[in-house]
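Report on the following structure.
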């Protein structure tokens, strides 16, 4: 390996510094899109990129890039990085590690090998989590053309602020700022914490991602009749909570029957009026379903929603199912994936091919350029929590493998 | 009947006026304990009582009384009334009707028959609903000795205000104010809207309550493990929401098997962290169970909680079941109940013996004095809602029957 573990260990202090921006009382980090802590974190990274000799620029939505120019004219760019935003009271690794690792790897390559053949850019995506606005991948989506800045007028946060307004208040969204869409990309590589327990349980240092699972997210609204819990006989009820409970129990059984890697989750639920002695008239819950096969994902989702309709009909409930998010499975580039495996294998680093159940910026790039993704272990699989943790050694292994991969892509002739 | 329907019809305008205190934009009424609208409503009633020639006083917790003195010394008091507080955005009949009907009936008796043998008092209980503080029957509980004012230090509303503080801010709770406990009661009679559909569906004008159902209320906390909805295989989950759904579905099946008059309801539920792509680590839900038999109520509740424990154990979840409320079934006085039946029967008013699934102030009095309760129909059974409605004619029938009953109790020798 070109980079030593000691050289790679600097990633830890960079992460520590980054976690100071938006740190919360419970030990977590909150950096919502376009907030002050978000701006401060991007400014901190811009200074670090600049200090590493990279040419710094923001695009129109606030994606931050640090570029090392390539020696050959007209060569596509090798892009690497992750997202700077967090969930509320999230961990210090999710997103941030991918940026810190990319910066550490590129800074090392520049100091050790100087100018690459292809331009090499580190990116800090402005947004991925969908924590502030009901929209995820705002950064990578604008770069890859899935989104356009015009959408920002129609997206509103819980305080009623439009994405457009928040963007402008943070100093972005102006027509004189560089457009986001990139057509000059040769490859994208992202390193991220696994946010699951597979590497930990199997003893792998590196996860080589084959596919990012496709996802369906629905908002299900069950409407019955609000009534007094004491005076309404069981047989006269149209209880939305009892109906929702039957649906959720049914979903879990169906998911268990379908088997891995399908996962299905009801994570948010709201009863109305939500009073102990009142039968719930309305229940709204979310439904999150993921699988690596688009066909199986669609088949399962349709079957579950069909069974929800049967339950609602039998109980005299109204049912509305709103499709809130639909992401197709995103297969990583097989050449790049194979290259990552070879790097691990040659370096004697234990690795495992795996799918990603979580969504990542990487999935936005699969139709634009060859894309690869690697994971490092997450302690206990915990993520989106102050308890998120990855050991320093694992963080360094990720940097070492990433540096090797970026060398291959930008300095060698791996990409044709 | 002594009182004509026309004489009784004044109850409607009194109710209309009362609904002006705490009226909400959605057409409902919100009068939380010790709020400004609550104080204004009590003041309005005090003025009405005074205008009807009744002697007005508040007790230490803010129960309001209007008294007509009796001609014989040392005779127990006939008390009638209901509660002035409401749920949030409740209807204009729940509680208020019982006060308005009592005032209308007593004012009529005074003007038509003058001084009774026994003192006759109208009461507007300060609180029954438990809408602001996690405690119900604060008014009647203090009168009957179930509660004492000292408890008010330990009870806190969602804003962190103690019941003691709220009471003092409203001008009550002072040692120089009259004590609440009454040992001078000869009878208590309450008229209330049914809050159910039984009278409507069976065409009864008056419900003669035999028993107020006993109630158990629990707060159930299910603890599993918060985790990422995409990266945690189904088999590795300890999903508190899926566990709670299984429990709720099981509860409903058990309640249906038990049959009428048992009812069981989960009306409030909270997932934590309540995020679509995060497996719920904790779910808290309420469990409300009612039956007229204490034995069956206890047996059912224990069995259900036992089955919840089995579900939790099988799923590796922690379970905590907190008993929040326990009210024994309250049988009404058979002599008074029979008297109510005879009044309806003699007056040619259709009636029906029934249980009350809802809790009422009346249940607090059953160990203190002979207690009776009568219902008038609720349109569609709707209550705790701006849609709550009882036709003016039904309201008047209730007043006519109540006046007859109060005449029997206070002017005649019915009570020995």
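A Cβ is built for glycine as well, from the same backbone N, Cα and C atoms used for every other residue.
If you look up TrEMBL, you'll see B:83, B:94, B:192 marked as Zn(2+) 1 binding site. Annotated Zn(2+) 2 binding site per TrEMBL: B:94, B:129, B:384, in sequence order. Positions annotated as allantoate binding site by TrEMBL: B:217, B:277, B:290.
Positions of the features from TrEMBL, shown on the structure.
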residue	record	DSSP (3 states)
B:83	Zn(2+) 1 binding site	strand
B:94	Zn(2+) 1 binding site	coil
B:129	Zn(2+) 2 binding site	coil
B:192	Zn(2+) 1 binding site	strand
B:217	allantoate binding site	strand
B:277	allantoate binding site	coil
B:290	allantoate binding site	strand
B:384	Zn(2+) 2 binding site	coil
### Message
Within its own chain, what residues at least 6 apart in sequence put their Cβ under 8 Å from the Cβ of residue B:192 (Zn(2+) 1 binding site), listed in sequence order?
### Response
B:82, B:94, B:95, B:97, B:98, B:360, B:362, B:373, B:374, B:375, B:376
### Query
Any idea what the Cα distance is from residue B:384 (Zn(2+) 2 binding site) over to residue B:83 (Zn(2+) 1 binding site), rounded to a whole Å?
14
### Task
Taking chain A as the partner, extract the binding-site residues from B:94, B:217, B:277, B:290, B:384 whose Cβ is under 8 Å from a partner Cβ; order them by sequence and answer 'none' if none remain.
B:217, B:277, B:290, B:384
### Query
How many neighbouring Cβ atoms, not counting its own, are there within 10 Å of the Cβ of residue B:384 (Zn(2+) 2 binding site)?
27
### Message
If you measure from the CA of residue B:83 (Zn(2+) 1 binding site) out to 10 Å, which binding-site residues from the list B:129, B:217, B:277, B:290 are inside that radius?
### Response
B:129
### Summary
Taking the centre of the Cβ atoms of B:83, B:94, B:192 as the Zn(2+) 1 site, the remaining residues of that chain with Cβ inside 8 Å are B:82, B:93, B:95, B:96, B:97, B:98, B:128, B:193, B:360, B:361
### Message
To see if you understand the setup: which same-chain residues, six or more apart in sequence, place their Cβ under 8 Å from that of residue B:217 (allantoate binding site)?
### Response
B:286, B:287, B:288, B:289, B:323, B:324, B:325, B:326
### Nearest-integer angstrom distance between the alpha carbons (Cα) of residue B:290 (allantoate binding site) and residue B:129 (Zn(2+) 2 binding site)
16
### Task
Work out how many Å separate residue B:277 (allantoate binding site) and residue B:129 (Zn(2+) 2 binding site) at their Cα atoms, rounded off.
37
### Message
Let's check the environment of residue B:83 (Zn(2+) 1 binding site): how many other CB atoms sit within 10 Å of its CB?
### Response
29
### Query
Taking the centroid of the Cβ atoms of B:94, B:129, B:384 as the Zn(2+) 2 site, which other residues of that chain lie with their Cβ within 8 Å of it, listed in sequence order?
B:86, B:87, B:90, B:91, B:95, B:131, B:195, B:383
### Query
What same-chain residues, at least 6 away in sequence, bring their CB to under 8 Å of the CB of residue B:129 (Zn(2+) 2 binding site)?
B:83, B:85, B:86, B:87, B:90, B:95, B:136
### Query
Which of B:277, B:290 (the binding-site residues) has the most other Cβ atoms within 10 Å?
B:290
### Message
Over all pairs within B:217, B:277, B:290, the annotated allantoate binders, what is the largest Cα to Cα distance, rounded to whole Å?
### Response
36
